[in-house]
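J.: Checked Swiss-Prot, it gives:
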ACT_SITE  ASP103  active site, proton acceptor
BINDING   ARG43, GLY44, ARG166  diphosphate binding site
BINDING   GLU99, ASP103, SER104, GLY105, LYS106, THR107, LEU108, LYS131, ASP160  GMP binding site
BINDING   GLU99, ASP103, SER104, GLY105, LYS106, THR107, LEU108, LYS131  IMP binding site
BINDING   GLU99, ASP100  Mg(2+) binding site
Amino acid sequence: MKHTLQVIITEKELDIRVRELGQEITKKYRNSRNKMILIALLRGSFIFISDLCRRIHIEHEIDFMTTSSYGRGMLSSGDVKIIKDLDEDIYNKNVLIVEDIIDSGKTLSKVLDILKLRNPKSLSICTLLDKPECREVNINVDFIGFSILENFFIVGYGIDYAQSYRYLPNIGKVVFKK
């Protein structure tokens, strides 16, 4: 489908906000005696977590999880499958899930349920982009980079459209041509 891209968050704005998030996370966890682990939900969060982890100034581990809930279509089936599970044990650790974007919240809700069964000390969420108007599941998000109040397709900074545009240094809105 023919489309154009409109920049909605610049590279500079991303850099400033990721620094701020790193400071907020550092402040929250700096006095904890428990180990901290960041869990990136792949693939969309890979650029965000690589920048964010360097802005968190306390010792932490990093791990990755890949899930799927789409089957063959474009709409989520709600049935979350773990494609790549964690390599590290999260028992008694402060877990911070790092997400690129939260829309309906269905997949993230299932991931939370799965991780809670592994008995972390704490379980928090950091998302680069939050679309609260699209939420279908009640999820408490601890750290939000930017709220997107309109419902449109977003690309860049790790987020793709048909596996394209992940490389963009900014966040863009996909504008479909009629």
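Using the three backbone atoms N, Cα and C, a Cβ is placed for every residue, glycine included.
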J.: Measuring CB to CB from LYS131 (IMP binding site), give everything in the same chain under 8 Å that is also at least six residues away in sequence.
T.: ILE101, ILE102, ASP103, SER147, ILE148, LEU149, ASN151
J.: Quick one: what's DSSP say for ASP100 (Mg(2+) binding site), helix, strand or coil?
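T.: Looking at the DSSP assignment, ASP100 (Mg(2+) binding site) belongs to a strand.
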J.: If you measure GLY44 (diphosphate binding site) to GLY105 (IMP binding site) at Cα, how many Å is it?
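T.: The separation of the Cα atoms works out to 15 Å.
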J.: Quick check: with ARG43, GLY44, ARG166 left out, which same-chain residues have Cβ atoms within 8 Å of the centroid of the diphosphate site Cβ atoms?
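T.: Here the nearby residues are LEU42, SER45, PHE46, ILE47, ASP100, GLY158, ILE159, ASP160.
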J.: Non-local Cβ contacts of ARG43 (diphosphate binding site) (under 8 Å, 6 or more apart, same chain)?
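T.: ARG43 (diphosphate binding site) has long-range Cβ partners THR66, GLY158, ASP160, ARG166.
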J.: In Å, rounded, how far does the Cα of LEU108 (GMP binding site) sit from the Cα of ASP100 (Mg(2+) binding site)?
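T.: LEU108 (GMP binding site) to ASP100 (Mg(2+) binding site), Cα-Cα distance: 11 Å.
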J.: Just name the most isolated of the binding-site residues GLU99, ASP100, SER104, LEU108, going by other Cβ atoms within 10 Å of its Cβ.
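T.: Counting other Cβ atoms within 10 Å of each of the binding-site residues GLU99, ASP100, SER104, LEU108, the minimum falls on SER104.
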